[in-house]
Amino acid sequence: MAPLLPIRTLPLILILLALLSPGAADFNISSLSGLLSPALTESLLVALPPCHLTGGNATLMVRRANDSKVVTSSFVVPPCRGRRELVSVVDSGAGFTVTRLSAYQVTNLVPGTKFYISYLVKKGTATESSREIPMSTLPRRNMESIGLGMARTGGMVVITVLLSVAMFLLVLGFIIALALGSRK
């Protein structure tokens, strides 16, 4: 009887099994492209690891571009409730919408800097890692360059003065009413 697999293909099959094993599987993360801006001045919003890693110990690694120092942050991957979307509508009505953001916020970053972000998640004996994605924080803007628009217009000053005078007259009338009421 002939062997089922030739001896030469066995090493190739073992290599393929090692590469495709669950412990070596990579997953993708994103920079929350569904948001108006996932980048803030001193922080970034990063999508959470996939749902099949719920309960695993995640380590978020942040590396500054052109630097070898890696800053890590650890947390437990939160459970998924249905399909995990980056921004999901929780309640909507009466002219407002309540949303829930499923993301991890990386804080204390340098403004206007490019970073490379990746996850390493350990769940049981399996370890999965994400591919490294580039993200940049927003540059800090000069305070004088921010337009205030209607900061102190003439109409606002007039309304404030009128309200102040009306409040003074109201308090004065209340005091006079108390004084005249106690004479009887």
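Glycine too: its Cβ is placed from the backbone N, Cα and C atoms.
Look at Swiss-Prot and you will find Asn28 (among others) tagged as N-linked glycosylation site.
Annotation comment: Swiss-Prot describes Asn57 (among others) as N-linked glycosylation site, evidence class sequence analysis. Take the CB of Asn57 (N-linked glycosylation site) and look out to 10 A: across all protein chains shown you find 14 other CB atoms.
The N-linked glycosylation site annotation in Swiss-Prot covers Asn66 (among others). Sequence-distant contacts of Asn66 (N-linked glycosylation site), defined by Cβ-Cβ distance under 8 angstroms and a gap of at least six in the same chain, do not exist. The DSSP secondary structure for Asn66 (N-linked glycosylation site) is coil.
Swiss-Prot lists 1-25 with the feature signal peptide, giving sequence analysis as the kind of evidence.
Within the model, the topological domain 'Lumenal' (85-155) carries an average pLDDT of 76. The feature topological domain 'Lumenal' is assigned by Swiss-Prot to 85-155, with sequence analysis given as support.
Residues or ranges marked as topological domain 'Cytoplasmic' in Swiss-Prot (evidence: sequence analysis): 177-184.
Look at Swiss-Prot and you will find 156-176 tagged as transmembrane segment.
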